[in-house]
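**Student:** Take this structure first; my questions come after.
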Amino acid sequence: MEASSEQIVAAKKLWDQSTADHTKQGYWGAPTSHVNFCEQDYQITYYIAEFINTTTSLAYIAYGIHGLRRQKRRDVSLFSTTNLAYWALIGVGIFSSLYHTTLKYQTQMSDEMSMYGAMGSCLLQVFTFKEPPSIQRRNVAIILGVIIPFIIYHCLTDEFILHVILFFTLSITVSRRTRHIIKSEIKDEEQKKKLRFLIKIASFFGFGSFGIWIIDNLCCPLLTSGKKAVGYPWSILLEFHGWWHIGTAISSYSFMALIEFLTNPEEGKTKALGFAWPAKVVLQDLLPAGAAKPNGHVEPIMNGKGDRKSN
């Protein structure tokens, strides 16, 4: 049974919030993206289609750069495996900014695909950690075997619902695997509790942002009326897709910082320093003082009795 034209239009409008007074012609011409969020186009500047959505995308870049700078201060190579996730997060910010600046189909695809780059980097870290080479190869093949075919399918069809479902599922997978690593690697119960609390913080921002994202899509007419009622600059607070960017940047960085902390245990107490908020709140004082190792690092105390882990 074929969908009626009314059903097709209704489905399209769920993801395209443009209206006659919503879309203005700007520097980049008419939008060609299949997704257009609730912020009115070219309202603030002729050169940026969605100004708030573009500027809030910089949160991903800021967190990614902080991660790279922290590693540089610790003499870690800029292009090390550890930094892969932070480079991916910067990529999300760059491509998201390009998409919301131009509202072109090509930049929409680059934005959505960059999300899988960041997610894939986290999946690779947590599913290869302390696994034998054969299991590492198997897990890498599975991860790439899921993500790459979907990227091709999504670019050809722009099927948005499956994109949302898959990304949400992969996010939960990263969270569950991170919990598993905490359970298996951390012996001290107080440390476990603090690390799980960081997962709760990251999940709160992630799920909360997803809820805001849904409201932005389903309640755009109401939000637009509210923006007109309060006027600029207070209307910025009702640009919910911008809050999605900020919230998911916080959530993504928190998971990346936690995964780095868990999967680099040989680096001792120095690995807990220099993270950004909110990971900093949990990690900076997490490990008690330990014995200095020959390489100058500090070995953490891994159980509640104060016994140091042997070298």
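Just so you know, glycine gets a Cβ as well, placed from its N, Cα and C.
Quick paste from TrEMBL:
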type	residues	note
BINDING	GLU39, GLU50	Ca(2+) binding site
BINDING	HIS100, HIS241, HIS245	Zn(2+) binding site
TRANSMEM	44-63	transmembrane segment
TRANSMEM	84-101	transmembrane segment
TRANSMEM	138-154	transmembrane segment
TRANSMEM	160-176	transmembrane segment
TRANSMEM	197-215	transmembrane segment
TRANSMEM	242-262	transmembrane segment
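A description of the local structural setting of each listed feature is requested, covering burial, neighbours and distances.
**Tutor:** When secondary structure is read from DSSP and collapsed to three states, GLU39 (Ca(2+) binding site) falls in the coil class.
Following the DSSP three-state reduction, the secondary structure of HIS245 (Zn(2+) binding site) is helix.
Counting residues 6+ beyond its ends, the transmembrane segment (160-176) has Cβ neighbours under 8 Å at 15, 34-35, 112, 115-116, 119, 122-123, 126, 146, 150, 154, 199, 202-203, 206, 210, 255, 259 in the same chain.
For the transmembrane segment (197-215), the residues of the chain that approach it from at least six positions outside its boundaries are 168, 171, 175, 178-179, 182, 223, 240-241, 243-244, 246-248, 250-252, 254-255, 258, 278-279, 282-283, judged by C-beta separation under 8 angstroms.
Residues 39, 52-53, 55-57, 59-60, 62-64, 66-67, 82, 85-86, 89, 92-93, 96, 118, 122, 125-126, 129, 174-175, 178, 181-182, 185-186, 195, 198-199, 201-203, 205-206, 208-210, 212-213, 216, 236, 271-272, 275-276, 278-279, 283 of the same chain lie 6 or more positions beyond the ends of the transmembrane segment (242-262) yet place their CB under 8 Å from a CB of it.
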**Student:** About how far apart, in whole Å, are the alpha carbons (Cα) of GLU39 (Ca(2+) binding site) and HIS241 (Zn(2+) binding site)?
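**Tutor:** With the alpha carbons as reference points, the distance is 8 Å.
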**Student:** When the number of other CB atoms within 10 A of each residue's CB is tallied over all shown chains, which of the binding-site residues HIS100, HIS241, HIS245 has the maximum?
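**Tutor:** The residue with the most neighbouring Cβ atoms within 10 Å is HIS100.
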**Student:** Does anything in the same chain, at least 6 positions from GLU50 (Ca(2+) binding site), have a Cβ under 8 Å from its Cβ, and if so what?
**Tutor:** PHE37, GLU39, ASP41, HIS100, THR101, LEU103, HIS241
**Student:** For the transmembrane segment (138-154), give me same-chain residues lying six or more residues beyond its boundaries with a C-beta closer than 8 angstroms to one of its C-beta atoms, as numbers and ranges.
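**Tutor:** Residues 109, 112-113, 116, 119-120, 123-124, 127-128, 131, 162-163, 166.
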**Student:** Using the centroid of the Cβ atoms of HIS100, HIS241, HIS245 as reference, list every other same-chain residue with Cβ within 8 Å of it (recorded Zn(2+) site), in sequence order.
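**Tutor:** After dropping the recorded site residues, what remains is PHE37, GLU39, GLU50, ILE52, ASN53, THR54, THR56, SER57, SER96, GLU239, GLY242, TRP244.
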